[in-house]
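Per TrEMBL, signal peptide is recorded for 1-24. Per TrEMBL, the feature domain 'Phytocyanin' maps to 26-129, 183-286. Taken from TrEMBL, the feature region 'Disordered' covers 151-173, 293-317. Per TrEMBL, compositional bias 'Low complexity' is recorded for 293-303.
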Amino acid sequence: MARKLTTFVAFAAIFALLQHVSMAQQTHVIGDALAWTVPSGGAAAYSAWAAGNTFAVGDILLFNFTTGLHSVAEVSKAAFDSCNTSSPISISTNGPINITLRSAGSHYYLCTFPSHCALGQKLAINVSGSTSPAPQPAAARPVIPPTSAPVMAPSVSPSTAPAPSVSVAPATAPAPAPASVAQTFIVGDNKGWSVPTGGPVSYQRWANDKSFKVGDTLVFNFVNGAHNVARISKASYDSCNTTSPINTISTGPARITLTNSGEHYYMCTFPGHCSMGQKLAINVTGSAAAPTPSIAATPSGSTVPSGDSPATSPPAPSASAPSLALAVLPVTFLSLAFVRLLNSRVL
């Protein structure tokens, strides 16, 4: 009886532990790689992110942003819809910030910086009453006991038939490598063209593992009215001087084709954006060559006549053949006459 009671208690403890693990809280990084910023896709960016997540009481929201560039405030639904930042429920200005979900229902968050909410930096989520289920461990794989006797592979006697002859095809010249083709680069990838949370090194890290050539295209994805893209000199790039850009594009997305090799510098001319890291330097090399036309191979044993020299005509038949036949004819007649003379003497 005592042994059964001990077993029951052990199973109960294991069950309670599994329940605790399955009910563990989760941490949601807002926007994932996008982080908490003005999204290039507008308000739909955070709505799409929230639709792919399940939130429950006890979960944690992690807002990644640069202090002094953004904030996060919990607001009412009316304030969320109208982007009213005057009376938030709570506000945090130092990033990154963790917010624990302590009640079920709808929760609304936005950035209180001017125009950031209107440009899409706001988030609405629905929190359920129970804690989000954690991923369950995979079931243990059953152990299959070995058989009593190992299975022996059938012995294979060496074949007495002669080995088939193998014909080796003549080696052919390798095909030429395809020429490089112009590529399109989305600047910042999913992050787009915005003030990066990682500071000035963010876009430089993005460019470091890429090779840019003349003919390639850069695509800058940004929200109109929130950013722009200007090509500038190296001196302006280093000092974030926005007064004399080479050219500026204010409508996004902006497509820029690289027309010459060398160093190219770009930045956003909105106040403070360049100094906070919204700038890009790349090195453009060579050119994206057009594909080389294929050359048809010449069949073995044949020659291709040169355009500069005429084709050689077949040789004329030799005139010595009839002369040789006439010279042999008298000898033949003499031989026949000699043979006939011998036959008549024998008879």
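Heads up, residue numbers simply count up from 1 along the chain you see.
Keep in mind that glycine also has a Cβ here, set from the backbone N, Cα and C atoms.
Note: TrEMBL annotation is automatic and uncurated.
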Handout entry: Structural state census, the domain 'Phytocyanin' (26-129) (DSSP three-state)
Key = 17 helix, 35 strand, 52 coil
Exercise for the section: Write out how many residues of the domain 'Phytocyanin' (183-286) are helix, how many strand and how many coil, based on DSSP. Expected result: 17 helix, 37 strand, 50 coil
